[in-house]
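Here the structure is laid out as structure tokens; the discussion comes afterwards.
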Amino acid sequence: MGSASSAYRVIYLDVDGRIQKVVFSKFCSPYDIKELFCTAVGLRRNTVLSLLDSAGALVSIDPHMPHNTERSPYKVVPLSGGQLGDKEELFQNVLTQVAEQFSRAFKINELKTEVTNRLTMLEKRVELEGMKVVEIEKCRSDIKKLREEMASRNNSHFLDDNKMLTLRRDVPSYPKYHLSQETMEALRKPTFNVWQWEPNEVRRGGRPITAKESGNPALMLSCLEHMYHDLDLVRDFNMNPVTLKRWLLCIHDNYRMNPFHNFRHCFCVTQMMYSMICLCGLQETFNQVDILVLMTAAVCHDLDHPGYNNTYQINARTDLAVRYNDISPLENHHCAVAFQILSQPDCNILSTFDPESFQHIRQGIITLILATDMARHGEILDSFRHKVDSFDFTDEEHVTCLKTMLIKCCDVSNEVRPMEVAEPWVDCLLEEYFTQSDREKAEGLPVAPFMDREKVTKPTAQIGFIKFVLIPMFETVMKLFPQIEEVMVQPLRESRDRYEELKQIDDAMTEVKSYLCEHL
């Protein structure tokens, strides 16, 4: 961690009489530093500005600019269009003329109009046809042809449709939502309702959130960003806030649109981890690196999930199963994608750590993500049971075992939430299960009874899982953190009882139908 601080520079700015501290990496470009200064003083990113020292002399904006103190801040002077030098104005005029000539030569405006109209037509077709698979593939083919046509006509470059890793090299532009105090408090509780946002959230500029925007990924991204700031991870590890935004956007882009294993699931697992950190006072017993590992593993734990579980991967002998020798193929893949994203400088929120510290964090994240493979559930639970009665927070092995239990709890925590929040997730999970079992039947592969649409119901799907997986696991963690009983364990017991009542009703209805069929 020692090398992290030496790689950063601190500059103080005078913003209308208020001192603003700005921290940036010595490896930042002058352009990035200028944008950071604009953000710090509330100006647009493309504003031309200059810095003056206490003597009124101009100060260059670059990674090696002179150091100052709070008592000698630099004054920020934004320049309007009329204040630009003659050379800059001449340069702007030349650029404008070149752009106009280029546009006339290559018919850029006509091309843009043509492409926009054709894309709009394709989007309407997709919407009208209900996003049918055949139409989607046809539209993708047409869009690909359009992109190739544009590339050939104006030498533009487009990303390959098959490239999963999407990087945001510009300053992220997703809408910034100002979270209300009520929402910030709700985020700390297991009862948080991801399906229904607070009505008094406002977007930058004061505009209320519309019903259509409710559940918008930008809201979830803003909440995740808030969690990292609220836990002091950004401050303590000198994270670049812009890099955090880029990383979260790239994470979002690499979750697929599955019924269950999607970005909303990623958000719910991370929010539950955040609430457990707050509820159990983990910042008082864990160090900040442990908190960083817990949160980051939760965010990354299902990256690029294809919607088909490990059993299918192994039975179908998919590329993932072959690559990872049938050993937790999905979880290994999630880890690989996570660190592929972090290997990009623009998305590396761990860039301030020295190699040894980075390797320690990397191993911690991998350990936690691999622990989410339910095939290892019994092994991990038994290991924790042997430690919990004499748990030692100074023992690294004990702490690692606890962290694996925490991410396992968060990963399957939907039934901890209120019924109106939890039940839609059961529908999402069953939809994903049924899609897999239908495919398994079509391919002649074994089908698990709990995934077969002809054999499973919502109550039968949940009762066994709650009774024999969730309650025993949460009750074991409760031995170490008794405070979770009321807000996490008791809701599980109530959920079990509710589904058992529903099963009794289903069984009674089945008997009635059977009787009527026999006697009528």
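Glycine too: its Cβ is placed from the backbone N, Cα and C atoms.
As annotated by TrEMBL, active site, proton donor applies to His261.
Annotation source TrEMBL lists AMP binding site at His261, Asn262, Phe263, Arg264, His265, Asp302, Asp411, Gln462. Every protein chain shown contributes to the tally, and the Cβ of His265 (AMP binding site) ends up with 22 other Cβ atoms within 10 Å.
Other Cβ atoms within 10 Å of the Cβ of Asp411 (AMP binding site), summed over all protein chains shown, number 21. Look at TrEMBL and you will find His265, His301, Asp302, Asp411 tagged as Zn(2+) 1 binding site.
Taken from TrEMBL, the feature Zn(2+) 2 binding site applies to Asp302.
According to TrEMBL, the domain 'PDEase' annotation covers 167-506.
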Notebook entry, point to check: For the recorded positions His261, Arg264, which Cβ has the most other Cβ atoms within 10 Å, all shown protein chains included?
Noted result: His261
Next item on the list: Could you pull the average pLDDT for the domain 'PDEase' (167-506)?
Entry: 91
Next item on the list: Could you tell me which of these binding-site residues, Asn262, Gln462, has the fewest other Cβ atoms within 10 Å of its Cβ?
Entry: Asn262
Next item on the list: Let me know the largest Cα to Cα distance in Å among the AMP-binding residues His261, Asn262, Phe263, Arg264, His265, Asp302, Asp411, Gln462, as an integer.
Entry: 23
Check: Here the binding-site residues are Phe263, His301, Asp302; which one has the lowest number of other Cβ atoms no more than 10 Å from its Cβ?
Finding: Phe263
